[in-house]
Amino acid sequence: MPKPINVRVTTMDAELEFAIQPNTTGKQLFDQVVKTVGLREVWFFGLQYVDSKGYSTWLKLNKKVTQQDVKKENPLQFKFRAKFFPEDVSEELIQEITQRLFFLQVKEAILNDEIYCPPETAVLLASYAVQAKYGDYNKEIHKPGYLANDRLLPQRVLEQHKLTKEQWEERIQNWHEEHRGMLREDSIMEYLKIAQDLEMYGVNYFEIKNKKGTELWLGVDALGLNIYEHDDKLTPKIGFPWSEIRNISFNDKKFVIKPIDKKAPDFVFYAPRLRINKRILALCMGNHELYMRRRKPDTIEVQQMKAQAREEKHQKQLERAQLENEKKKREIAEKEKERIEREKEELMERLRQIEEQTMKAQKELEEQTRKALELDQERKRAKEEAERLEKERRAAEEAKSAIAKQAADQMKNQEQLAAELAEFTAKIALLEEAKKKKEEEATEWQHKAFAAQEDLEKTKEELKTVMSAPPPPPPPPVVPPTENEHDEHDENNAEASAELSNDGVMNHRSEEERVTETQKNERVNKQLQALSSELAQARDETKKTQNDVLHAENVKAGRDKYKTLRQIRQGNTKQRIDEFEAM
């Protein structure tokens, strides 16, 4: 039995390992990969490998893997990548797995500067990538520095601006906050919708020459063939939509495109190597087929996939709505719990204050009772003193009477008796005055005692009112695509041709009516302009690249990808071919 061959296939987010037989075809390996990752939109993808000469090449599906010039390694290395790009991601990419693989591949191309992206758009795209990774921004979880380990901006952008990591994070975070409530898969789609408007998105560039020998770039993409000047990959100068082309062929390094317009001459260019022409032919056929397929009614399979995707999205939206509802309920319950806790604390504080007041009143009552007792004792003493004085007065009266009687009886010693009488009279007057003074003191003490008694009664009444007040109520309970494949390595097979059918298609050139995603959203467009102005203040003009200069010129002239597309397709096919020959 033949020995199995180990194969490693790297997708954008996983590594897959298989053991294949020596007679396994490219299609059998490809089918095994798409089945493993659960992909149905297979027409966009292919398996890429590095050949023995170091060139990156697409695996041919109709040939055995072992018969192709795959670099001899163990295991054999392949990359599963998008080979063809859609015209409109929101209309064509159906499955989430397809959207995710495109997102990761496009993001990598932007970060590696294979697709030029202006700084302000790079920040916007970064915010969608962050939303896709982290979900909604939450200041409790996403603390400063939460993006420190993420590669989010092209190195060119970082080097061109005098901004710290923290300042870049702040700008990305501002937009991340705005995406609140956006599903992760919707963030991926928003990223792709912005990215597909970038001039270099989905374009395969090939170095070519016209008959004059002028070095140019040929761009092959989902919409057709475009010609670029050698120093400008951003702005094509001439364009040919797929609907204008009826035949493509090559003979050695010469490539011939026959237009549908019989009056127009052939469109001829030259590639540096035969293998380049083989690759151009394969890409032209695949892109043309997809271009025509898009302009015909969907197949049953695609209709079913779209229906299933709509159902899955609807289900996710329902689940999210349910989660949001539960979250709101939980937040309400938390707020209610906090309110009850707050009220409980307020009641406890009120109770503490009442207790303090009660204790204070109790102390005052005790003090007043003590004072009342003291006053009563003083009153008693004053009374006793008054009684004593009264007794003395009576005794004095009696003595006076006796002396008076004695005086009456004894007139003998009248002067002596008169003196004694005067003495007693004076003494009586003093005692009368002392008695009067003590009676006044007793009266005063009596008034003070009555006032103290009234204060005591009043305090007792207040205490009774405080003690009889109902206790505070308890807190309420908490409610909780086909392509004609040619061997790029077979230098003997030096010519090939393919007819491109344009039958039965609807609205051939609808792409010329498109506008960019940011033009559809005035708010985002204004934010991008504001950020562009802000970043311009921090830009190091000495580090501008050729693409930066070209992009700035396009913006100043009011050009974008679709306006340029309309412009470069103006005039008939013959005029544009003549223009190409004159370059």
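Positions of Cβ are set from backbone N, Cα and C atoms, glycine also.
For 374-400 (among others), the entry in Swiss-Prot reads compositional bias 'Basic and acidic residues'. Residues 421, 424-425, 427-428, 431-432, 434-435, 438-439, 441-442, 445-446, 448-449, 452 of the same chain, all 6+ positions outside the compositional bias 'Basic and acidic residues' (374-400), place their C-beta atoms under 8 angstroms from a C-beta of that stretch.
Summarising the annotation, Swiss-Prot assigns compositional bias 'Pro residues' to 469-480.
According to Swiss-Prot, the compositional bias 'Basic and acidic residues' annotation covers 483-492 (among others).
Sequence-remote contacts of a segment are chain residues at least 6 beyond its ends whose Cβ falls under 8 Å from one of its Cβ atoms, and for the compositional bias 'Basic and acidic residues' (506-525) they are 87-88, 124, 193-194, 196-197, 223, 241, 243, 295-296, 560-562, 565-566, 569. According to Swiss-Prot, the compositional bias 'Basic and acidic residues' annotation covers 506-525 (among others).
Marked as domain 'FERM' by Swiss-Prot: 5-295. Here the domain 'FERM' (5-295) returns a mean pLDDT of 93 for the predicted model.
Annotated N6-succinyllysine per Swiss-Prot: K83, in sequence order. According to DSSP, K83 (N6-succinyllysine) sits in a coil region rather than a helix or strand.
Counting only same-chain residues at least 6 apart in sequence, those with a Cβ under 8 Å from the Cβ of T564 (phosphothreonine) are E199, T235, P236, N554. Per Swiss-Prot, phosphothreonine is recorded for T564, and the stated evidence type is similarity to another entry.
Residues annotated as region 'Disordered' in Swiss-Prot: 310-336 (among others).
Per Swiss-Prot, region 'Disordered' is recorded for 374-407 (among others).
Summarising the annotation, Swiss-Prot assigns region 'Disordered' to 458-526 (among others).
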Problem - List of residues, in chain order, with Cβ under 8 A from that of K83 (N6-succinyllysine) and at least 6 apart - result: F44, F45, G46, Q48, W58, L283, G286
